[in-house]
Amino acid sequence: MAESGRSAEPILKLRGVSKQFGAVQALADIELDIHAGEVVALVGDNGAGKSTLVKILAGVHQPTAGTIEFMGKPVTLDSPGKALEMGIATVFQDLSLCENLDVVSNLFLGHELSPWRLDEVQMEVRAWTLLRELAARIPSVREPVASLSGGQRQTVAIARSLLLDPKIIMLDEPTAALGVAQTAEVLNLIERVRDRGLGVILISHNMEDVRAVADRIVVLRLGRNNGIFTADSSNAELVSAITGATENAVSRRQARKLEETGA
Amino acid sequence: MTEPQSALDRSDSRVRHDEGIGDAIRGFIDRVRSGDLGMLPVIVGLILIATVFWSLNPVFLAPNNLANLLFDAAAVGCISLGIVCVLMLGEIDLSVGSMSGLASAILGVVWVKMGLPVALAILVALASGAFMGFVYATLLNRFGMPSFVSTLSGLLAMLGLQLYLLGSTGSINLPYASAMVRFGQIHVMPAWFSYLLAVLPGAVILWLGLDRMRRRRAVNLSNPGGLSVLLAQAGILTVVLLGAVHYLNQGRGIPWMFGLFVLLVVIMNYALTRTKWGRAMFAVGGNREAARRSGINVNRIRISAFMLCSSLAALGGILAASRLASSSQQAGTGDVNLNAIAAAVIGGTSLFGGRGSAWSALLGIIVIQSISNGLTLLNLSSSLRYMITGAVLAIAVIVDSLARQSRASHGRA
């Protein structure tokens, strides 16, 4: 594993985390370590429990069992505000932006400068600076978010998570709605964030993206850990861990393609 | 200092950058076309209403009648200002009428019947409002009880309490010579003071605008519109206000009670647009889950909104009592409830949450009160007045709904 050279103590340590929704066991006995300056990809099929895990770390859901250690201390994340305060920032799949507010308001939502007399000028400057650092292409920060495209909204959501100088940033499917260039931008962005010493949790269905940036790839299957891989493991290995069988829809399709081209 | 080649917010060539008055007007027309109507419907409506009633009975526009209209508008206007707060969250309070009636009953009982100081009576009435708001918010937060239902049951309960407090006599007369009643019926601003107030908004706009321009230039941000638009805004506002004040001063003048209402609107407007609390109000109304995830305490925001709404409703009841010089069983019943809600919606606060402004209470109540006043001048019975007000509310909601659909299709919030 590619952990040598990194500080031994992870920023975030999950042990035996479980989550039940009624009769459904969404997560069972999850173990996960995140170190500073590391991109960990969380992959798995639909219903593997990735989004549930993200929501637990973001303080949206509470785990039914298990411990979460942050910076070496056990913590309970009982509200999104608490997770943010501690330094766990999340970019949700649905982005969680307020469409009726403009970009600046969304970026600073809940953390406005000078609460009794909002400093709009200073907030706008910081918004532009941040968006420039991310090489973002947002035409105007004074338009309501409703008028932005999907990629632009994604950028705003990522920029917002970085505003509070978090220790860990979680990205739930950040490239799903993006074009080629914008995907590359987001991947660059992820690397830039990692180089700043942050831990990054990346959730994606796109194996190409995952392998491009991830230091470790953690596979979930049906709510359980199903192996940890590195970026140089083969696609077949990953897919079989994700689907739980070496013989699966993907391998069958590949075999068929191979036959067709061979014939 | 000239504009640097690339102001921080002007680097993207895809955006049209408005400069000067011509572009500002063009931007306004674009916004209206896409369904961002703002205050336009209400201003058009006001002009229409004034023309119709004036042609039917010229007394409508007489200065003294307008002063009366302002006296009447203040009480329901305050209630409507509270409604703006809950509508902003996409919630509703249907009990504001009863709340105002209960507050006026409390005022009568504590002040006149029990003989305690009037200030204490007002305080008790306001506190009862704050308490009711807290109850509604808690029912919503703890039990997920829709505000529509909880306030409907509150409506009936408070009406009952009001009747109980007033007892068999049915009404309590407030001392006619007291400052409280004179405030509600007679007191108007001295002319010099009203002129001063008329000049103030323009001056403040100009001052704040110049300060903002200076600070933006200092950090390399552009100034859309620039000085010309700012001067035009301040100038037009000052001329309109001076004209209105001058006209009203031909008659009785401007009621202090209306002044109090406008002051509350200005404070609310500041709170909604320039504070963290106001931003949170818009966020919760626009996307509650997103607001929660950005660390906003949604429950606390709801409590603040419902408490403000009920307290302002109580204040409206107190003002209405001082206007009528009595606390009666009829206070707060009839069309008070609907007028307050209609005023907020007509003024441009959306029923769907996340859009609105404190000014909508002011503009909306003037529309509602003009209709009611005009119909009274025509000697029409309240039956007809109810029907017409109902129709106006329906039209306002339809306009809100259509504008919302249009905004969605034009990519605006």
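Positions of Cβ are set from backbone N, Cα and C atoms, glycine also.
The transmembrane segment annotation in TrEMBL covers B:37-57 (among others).
Per TrEMBL, transmembrane segment is recorded for B:69-89 (among others).
The feature transmembrane segment is assigned by TrEMBL to B:118-140 (among others). Away from its own ends, the transmembrane segment (B:118-140) comes close to residues 91, 93, 95, 99, 102-104, 106-107, 110-111, 146-147, 150-151, 154, 158, 178, 180, 299, 302-303, 305-315, 317-318 of its chain (Cβ-Cβ under 8 Å, at least six residues beyond either end).
What TrEMBL lists as transmembrane segment is B:152-172 (among others). Long-range contacts of the transmembrane segment (B:152-172) within its own chain (CB-CB distance under 8 A, at least 6 residues past either end) are made by residues 94-95, 97-99, 101-102, 105-106, 108-109, 112-113, 132, 135-136, 326-333, 337.
According to TrEMBL, the feature transmembrane segment maps to B:192-210 (among others).
Under the heading transmembrane segment, TrEMBL lists B:230-248 (among others).
Residues annotated as transmembrane segment in TrEMBL: B:254-272 (among others). Long-range contacts of the transmembrane segment (B:254-272) within its own chain (CB-CB distance under 8 A, at least 6 residues past either end) are made by residues 67, 70-71, 73-75, 77-78, 81, 84-85, 88, 183-184, 187-189, 194, 197, 245, 248, 278, 281-282, 312, 319, 322-323, 357-359, 361-362.
Packing against the transmembrane segment (B:303-324) from elsewhere in the chain are residues 71-72, 74-79, 81-83, 85-86, 88-89, 91, 93, 95-97, 99-104, 107-108, 122, 125-126, 128-134, 136-138, 140-141, 147, 174, 180-181, 183-185, 257, 260-261, 264, 277, 281, 331-332, 336, 340: each is 6 or more residues past its ends and has a CB under 8 Å from a CB in it. Marked as transmembrane segment by TrEMBL: B:303-324 (among others).
What TrEMBL lists as transmembrane segment is B:361-378 (among others). Remote same-chain partners of the transmembrane segment (B:361-378), defined as residues 6 or more beyond its termini with a Cβ less than 8 Å from a stretch Cβ, comprise 39, 42-43, 45-46, 49-50, 52-53, 56-57, 59-60, 65, 68-69, 72-73, 76-77, 80-81, 83-84, 261-262, 265, 268, 339-340, 342-349, 384-385, 388-389, 392.
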Contact set, same chain, for the transmembrane segment (B:230-248): CB under 8 Å, 6 or more residues outside the stretch
21, 63, 66-67, 70, 194-195, 197-199, 201-203, 205-206, 209-210, 213, 254
Any residues 6+ beyond the ends of the transmembrane segment (B:192-210) with a Cβ under 8 Å from its own?
230-231, 233-235, 237-238, 241-242, 244-246, 248-249, 253-254, 259
